[in-house]
Amino acid sequence: MAALLNVPETAAPGEIVEIKVLIQHPMETGFRTAQGGGLVPRNIIHTVSCHYMGEEVFSAELFPAVAANPYLAFTLVAEESGEVEVRWTDEAGEEFSQSAPITVG
Amino acid sequence: MRAALALLLLAPPAAAQDDRRTGYDDMTPELQAMQDDPVGNPGLFWVLDGEAMYSAAPDTGAESCAGCHGDGETAMSGVAARYPAWDEALDRPVDLAGRIDLCRVRHQGLPPLERESDALLSLTAYVTNQSRGLPIAPDPDPRLDGWREQGEDLFTTRMGQLNLSCAQCHDDLAGGHLAAALIPQGHPTGYPLYRLEWETMGSLDRRFGNCMFGVRAEPFGAGSAEYVALELYLKARAAGLAIEAPAIRP
């Protein structure tokens with residue numbers, strides 16, 4: 001499972017920057033019929049978080065009403081150069097992450 | 001008469017009198033922005049997967065796609081804009097997904113893929129993406145003319161329990177509404193595309209199946225000769241319009 005993560009390459013100190021992430025995930029609700037009968041087991045991403053300068057700067061809980069391949073956009077205050085890392089965990093217990101650098105100055 | 005019509009269809013109409021609209025033109029600005037956003041268009045996941053598959057060597061010991069064709073960005077540029085095209089061995093035209101699957105079977109010793117599988121959609125999306133922005137330029141091979149005519153016949157023939165033809169909606173009633181959905185002119189510029197209602201990527205054949213199901217007709221089936229004929233006709237009807245795959249549709 002991949003993600004398309006958009007972090008601005010550069011920012012001025014104190015600037016509010018927008019982080020956009022599109023996560024590849026089927027977000028199975030558990031109500032969909034599988035080919036040949038039976039239900040596709042429920043498996044959705046339940047938590048998404050963003051980490052920057054060793055701190056959690058954003059987190060969200062997702063629910064079954066969120067469509068497949070969820071798209072999230074949020075802001076953070078750019079203070080130091082470093083990695084912006086987005087992590088997500090689904091109900092199958094799989095943990096994923098993707099990061100991109102930002103240069104502040 | 002038929003031949004003259006086929007020729008007429010192949011020549012893109014003069015821009016001034018061109019009132020053709022793609023599904024993109026009919027979408028809301030929000031959905032257009034989603035399609036154009038390099039990190040907001042979920043169809044790009046299939047393009048990226050296809051890119052990886054294109055250069056991965058299969059475990060049969062055969063060459064990768066790139067091993068035979070070279071760099072995808074140059075080798076595959078314009079191919080999707082020209083397809084469907086004639087296959088000598090089968091002695092009939094094949095669509096792009098069919099051609100890619102034939103390469104896997106003939107040249108890589110692999111089993112055929114399911115038509116609507118993520119793997120075949122990914123390879124097709126990757127190859128089609130190399131034509132993004134290029135005008136649809138149907139193959140002038142005269143062996144395709146009869147198939148285009150058959151496609152036009154299918155397009156204008158009433159079918160299903162609702163007894164409607166494709167043309168009644170997509171030529172006569174385009175711009176009107178079917179319940180909440182806007183009836184588009186039905187140009188095949190964006191496939192394979194990510195449809196929000198499907199919550200996934202789908203082929204042009206899947207779209208044909210949806211429309212046939214909608215008029216309660218028995219769909220011809222993905223990869224069928226009828227769908228190749230319909231695509232040949234629709235590509236001629238859309239000649240000159242730019243490929244926009246992977247598109248977004250509601």
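Including glycine, each Cβ sits where the backbone N, Cα and C put it.
Marked as active site, cysteine persulfide intermediate by TrEMBL: B:Cys211. Among the features that TrEMBL reports, heme c 1 binding site is placed at B:Cys65, B:Cys68, B:His69, B:Cys103. Look at TrEMBL and you will find B:Cys166, B:Cys169, B:His170, B:Cys211 tagged as heme c 2 binding site. Here TrEMBL flags B:Arg207 as substrate binding site. TrEMBL lists B:49-136, B:150-243 with the feature domain 'Cytochrome c'. Annotation comment: TrEMBL describes B:1-16 as signal peptide.
Distribution of TrEMBL features across the structure.
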residue: B:Cys65; record: heme c 1 binding site; contacts (Cβ under 8 Å, 6+ apart): B:Met53, B:Tyr54, B:Ser55, B:Gly72, B:Cys103, B:Leu123
residue: B:Cys68; record: heme c 1 binding site; contacts (Cβ under 8 Å, 6+ apart): B:His107
residue: B:His69; record: heme c 1 binding site; contacts (Cβ under 8 Å, 6+ apart): B:Ala75, B:Met76
residue: B:Cys166; record: heme c 2 binding site; contacts (Cβ under 8 Å, 6+ apart): B:Leu154, B:Phe155, B:Thr156, B:Gly186, B:Cys211, B:Leu230
residue: B:Cys169; record: heme c 2 binding site; contacts (Cβ under 8 Å, 6+ apart): B:Leu178, B:Ile183, B:Gly186, B:Cys211
residue: B:His170; record: heme c 2 binding site; contacts (Cβ under 8 Å, 6+ apart): B:Phe155, B:Ile183, B:Pro184, B:Gln185, B:Gly186
residue: B:Arg207; record: substrate binding site; contacts (Cβ under 8 Å, 6+ apart): B:Tyr191
Residue counts (helix, strand, coil, in that order) that DSSP gives for the domain 'Cytochrome c' (B:150-243): 38 helix, 13 strand, 43 coil
Around the Cβ of B:Cys103 (heme c 1 binding site), the count of other Cβ atoms that are within 10 Å: 15
Secondary structure tally of the domain 'Cytochrome c' (B:49-136) (DSSP, helix then strand then coil): 45 helix, 7 strand, 36 coil
Surrounding CB atoms that lie within 10 Å of the CB of the residue listed as 'active site, cysteine persulfide intermediate', all protein chains: 17
